[in-house]
Amino acid sequence: MNDYIIRATAADSQIRAFACISTEIVETARQAHNTSPVVTAALGRLLTAGAMMGSMMKGEKDLLTLKIACSGPIGGLTVTADSEANVKGYANQNVVNLPPSPKGKLDVGKALDIGVLSVIKDMGLKEPYVGQTDLVTGEIAEDLTYYFATSEQVPSSVALGVLMNRDNTVRCAGGFIIQLLPFAEEEVIEKLEKKIGEITSVTSMLDKGMTPEEILQELLGEFGLTIFDKVPTKFTCNCTKERVEKAIVSIGKKDLQEMIDDGKPIEVNCHFCNTNYEFSVEELKDIINRSKSGNEVMSK
C-alpha cells in the first residue's frame, strides 16, 4: 500500500484532522541512510510529522523544515517537506545503540535527550516564519504537541509511531494530528480529550492494519467525521548533479583550482538522500572554463 495522508474535519469544522500511513517513507529513509532501529524510529516520526505538516501549507512553492538540535547521541534531525507532502530527511548520526526504554520500547527520548525543536515555514515572504520550543520529552509527538500549543496557539494532539521488524526493516509507520479550532465549544473539547485518552497507541492501531481513514473514524466518528481529501506522500529528494555543480561553483575559483591541482576526482554527498556525486578533474576544469566564459558567476 502506497503512503498517503487523509485530511478531514469533524464537529461542524470545530476540529481539523490529519492521519498518515508512512511505512514506505520511513523504510526508504532507513535504506538510504542505513540507520539503526532507534534512529529509524526518531527520523521516521519526524518524517511522518513533516509530511502531514507540509500538507497543511497552501502555496505551491511553500517549504517546511523541521529541525531538532539535541544533546543526545543522535546529534540532531532535519526534515523538509513541500505542500504536496514530498518529504526528505536525515539524522546527524545514523547508528545509535541504546538499551530499551523502561516500557521495553526503542528509547527515542534518550537518543535525543535535551534539545530544541525549530519549525521553519518558507512561504515566499521576505523572511521565513521560525518557531522554536524546547524538547519536552524528546519523543517528538509530545514535542510537536507542545510546539503547536505554545508557538501557534493551536491546541493539538500529535501521535507518531514507527514499528520495526526483527530484521530491522520497518513494519509500519504513521500518525495523526488532531487540532481544535478557535471557536471549538467546551463540550467538544472535553469529549475529544476523553476520546484521545482512551486510545492505547497509534503504533498498535497501525499494527492492527488500520488505515488512516479507520484511525480517524475510531477517534472522531462520533463527532461527525468528514474526510475531504486524500493526498499521496513519499520520500523524495530533488538533488541532481546540476544542483550539486552549482554548490561547487559557490565555493570559489581558488578552492576549485586547488581541487584540480590535487589531480583527483571529488565526491559530494547529499545529506538528505545519501546520494554521492563524483566530479572528475576534467569536469572541474570544465566548470572553471565555463565560469571564465561568463556563463557562471564565480567568486575569487
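Backbone N, Cα and C atoms are what each Cβ position is placed from, and that goes for glycine too.
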Disulphide partner cysteine [TrEMBL] for CYS273, chosen from CYS172, CYS270: CYS270
Candidates CYS172, CYS237 - disulfide partner of CYS239 as recorded in TrEMBL: CYS237
CYS239 (disulfide bond) and CYS270 (disulfide bond), Cα-Cα, nearest whole angstrom: 7
Between CYS237 (disulfide bond) and CYS273 (disulfide bond): CA-CA distance (Å): 6
For CYS239 (disulfide bond), nearby residues of its own chain (Cβ under 8 Å, 6 or more apart in sequence): CYS270, PHE272, CYS273, THR275, TYR277
